[in-house]
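**Q** The GTP binding site annotation in TrEMBL covers Gly25, Gly26, Gly27, Ser28, Asn29, Gly113, Thr114, Gly115, Glu144, Arg148, Asp191. Among the features that TrEMBL reports, domain 'Tubulin/FtsZ GTPase' is placed at 17-209. The domain 'Tubulin/FtsZ 2-layer sandwich' feature in TrEMBL is assigned to 211-330. For 388-410, 446-467, the entry in TrEMBL reads region 'Disordered'.
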Amino acid sequence: MAEDLMNFDLAAAGPSIIKVIGVGGGGSNAVNHMFRQGIKDVDFVVCNTDSQALANSPVPIKIQLGESLTQGLGAGNKPDVGKQAAIENLENIVKVLSRHTKMVFITAGMGGGTGTGAAPIIAKAAKEMGILTVAIVTIPFKFEGLRRINQALEGIAEIEQHVDSLLIINNEKIREIYGDLAVSAAFSKADDVLTVGAKGIAEIITVNGYINVDFADVQTIMTNSGVSIMGSGRSSGEGRAIRAIEAALASPLLNNNDISGAKNILLNITSGNKEVTMDEISQITEYIHSSSTTEIDLIWGNGIDPNLNDEINVTIIATGFESTSIPELYARKPRRVDVVNLNHEDDSISEPVVGTTVTFGKSSIRQTSIDFGQESEDLGFVVKQAKRDSGTNTPQMKPAAKNSGGPIHKSDLSIEQAEQVPAFQRKNVQLEDKIYSKSQEVSRFTLSDDDDMPLKPLNSYLHDNVD
């Protein structure tokens, strides 16, 4: 069975520098679709734990993963099983990649067992071989269940660490664009989007044009570029250039994002029998620059595809994003908490203190007496100590008697009478009838026609000064 599945005989023309590897059920279905659609000068490979799915694939190069581990029955929706299956047959994968491969696309439907677990292992092996590694992965539809979505996000976080560039396609975005489709049609649309992604990048390199974008250009743009977004659109007739670039920027591949934060942009313009004009190229490039808020490095190429007739096709790849461009992925990323250790002598992190109930038992309290062993030195004089009479008891402090205060004099007058009679009269206090000041109320202002101001007779500073 294994000999039938692992067929490494490549075409007589020699292996291509670009490989497209489908991992798991979703990735293999996408590669099968790409194989039928055709991508110029690309070698296709499918890897799966399900032997029946491999047997039904039209792709000539097939690698069964975990033959002894799963016995050809699949990973059972367990990423750990998919990971171990990929490790078991990693030698076969490396053998395929070692044949003149400079760039590899790894496609996988995240959320299951084989794709989620095996794709990061394959990506890591390719990256360590010095191959430009691009992963195109999907987030499941919501109706596939929360558990599958969470597994997908964990797999994406894992594969992101082992690729040069990562294209993330949210299947729910496809549902928003194309509406309520039959289940088979919905997954077919997902395969179409994956095909557009891989074909758009690969044929930028493999299809010749007047202005070629070669592998070195793609390598410059995509090496260690992080999360990338890609769009592709086509249009015909009057104003086809603007409509094509608008469609490309509204592509499901962009995942509700714009290109304003991109650092590098790779642009490919392909036309059919009606060749693209200089004005149309200017319209497309100016539209891209106006959509970006920062200065970008734009590399573009132009090609001819007779199958397009009078249509124009625009493919744009924007790189340099972070995984925060996918809201679901960013929301579920674990937050790093830095623990600052103030003890410089011990770098270990102490265990968290767990609150417990402490019960104190009754025990006798003993006072420890301190005995100074050294004898005091004779200082030459006698110190007399007062003898304490053992028979006398130390007097104890008694509480002070209650202070009753002085006698309280009660008045025979009622409150009304006390308020009407002044206090000095009630207490028979004699007041002296003495005038302390003879001052009168006078105005501080004087109106006079004479320039010489006379002194006021009642000046308090000159007369009757109490000081």
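Heads up, the Cβ atoms here are built off N, Cα and C, so glycines get one too.
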**Q** What is the number of residues in the domain 'Tubulin/FtsZ 2-layer sandwich' (211-330) that are helix, strand and coil, as DSSP sees it?
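**A** Going through the domain 'Tubulin/FtsZ 2-layer sandwich' (211-330) residue by residue, I get 45 helix, 37 strand, 38 coil.
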**Q** Rank the binding-site residues Glu144, Asp191 by how many other Cβ atoms lie within 10 Å of each Cβ and give me the one with the fewest.
**A** Glu144
**Q** Could you work out which of the binding-site residues (Asn29, Thr114) has its C-beta surrounded by the smallest number of other C-beta atoms within 10 A?
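**A** Candidates: the binding-site residues Asn29, Thr114. Fewest Cβ atoms within 10 Å: Asn29.
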**Q** Cβ atoms within 10 Å, counted per site: which of Gly25, Gly27 has the most, among these binding-site residues?
**A** Gly27
